[in-house]
Amino acid sequence: MKKLLIFAIVGFFAQIIDGSLGMAFGATSSSLLLVFGVAPAVVSASIHISEIATTASSGISHWRFGNVDKQLLWRLIIPGSISAFLGAAFLSNLNGEVLKPFISLFLFLMGIYIIIRFMFKFYPSEDYSTRKLKNIFLIPLGALAGFFDAVGGGGWGPINTPILLSKKGFVPRKVIGTVSASEFAVTLSASLGFLLFLGWEQINWLWVAGFALGGVVAAPFAAWLVKVIPTYLLGVLVGGLIVFTNAQTLIGLIVEDDVIKYIINGSLILVWIALFVYAVFSKNEKKIEILQNTNL
């Protein structure tokens, strides 16, 4: 019952974050569940199985609104699905305690990326010419994103979206829509891999239901939260949370002295607060500058 409640609460907060930022569902969920001592393979399997319905719904919506580039879709789906399946097999057949530090390192770096992504404005390419990217670029990209998505519990969107947006020849809505639509196939492939290699009996379906239910309940709150708290502040808060939670695993492996651990954790918290304050004041200064220019 305790773990059911944990899964429901984590699903709730992860969906609030994902609904507000458009990313970080997997990274947030994995980070929090690993802290509670859930095995890495069970963490990723639970996340992917609970995401099947939501990614399908998202993909259909983007398809109906014409936000999907069909050629790009298949060139992401095929390598991404194969590598996600292999990633699930890899994670299922290795000792969770051995893998945990590597997954924490991946999520730690993902948290840093999220902070940078939302602190500093990201400018996608404005060249929307019809030039197509070659398979030699897209296949490794899809394969890398799919593998890390399965092993780390998330990463398909955060890896693919910014890289594709920075390339010439893609309309932003097409990139976002195509990556979202392709995520269903990757999620389904990873889920099948976990069910095959981890085994049906290893999945607690009540936990998965609690995880999904928490996400469903959180959806309207996420929409409200976007209106209350600016997205860039949420990005810094969430990125900092992911960095701090995964840093505990990494620090525990490297440092034995408790005093040094406290110093490192205190330093991380101070940096986190400083980044948050910087984000608040830098954005406010830009708003004031825009208003002054408007009044001239």
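Placed from the backbone N, Cα and C atoms, the Cβ positions cover glycine too.
TrEMBL lists 72-92, 98-116, 136-156, 176-198, 205-226, 232-255, 262-281 with the feature transmembrane segment.
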Stretch-level contact, the transmembrane segment (72-92) and the transmembrane segment (262-281), CB cutoff 8 A, at least 3 pairs: no
Candidate ranges 98-116, 136-156, 232-255, 262-281 - greatest C-beta contact count to the transmembrane segment (176-198) (under 8 angstroms): 136-156
Contact ranking winner - 136-156, 232-255, 262-281 against the transmembrane segment (98-116), Cβ under 8 Å: 232-255
Tertiary contacts of the transmembrane segment (136-156), as residues 6+ beyond its ends and Cβ separation under 8 Å: 24-30, 33, 40, 43-44, 47-48, 72, 75-88, 90-91, 99, 103, 106-107, 110, 163-164, 179, 182-183, 186-187, 189-190, 193
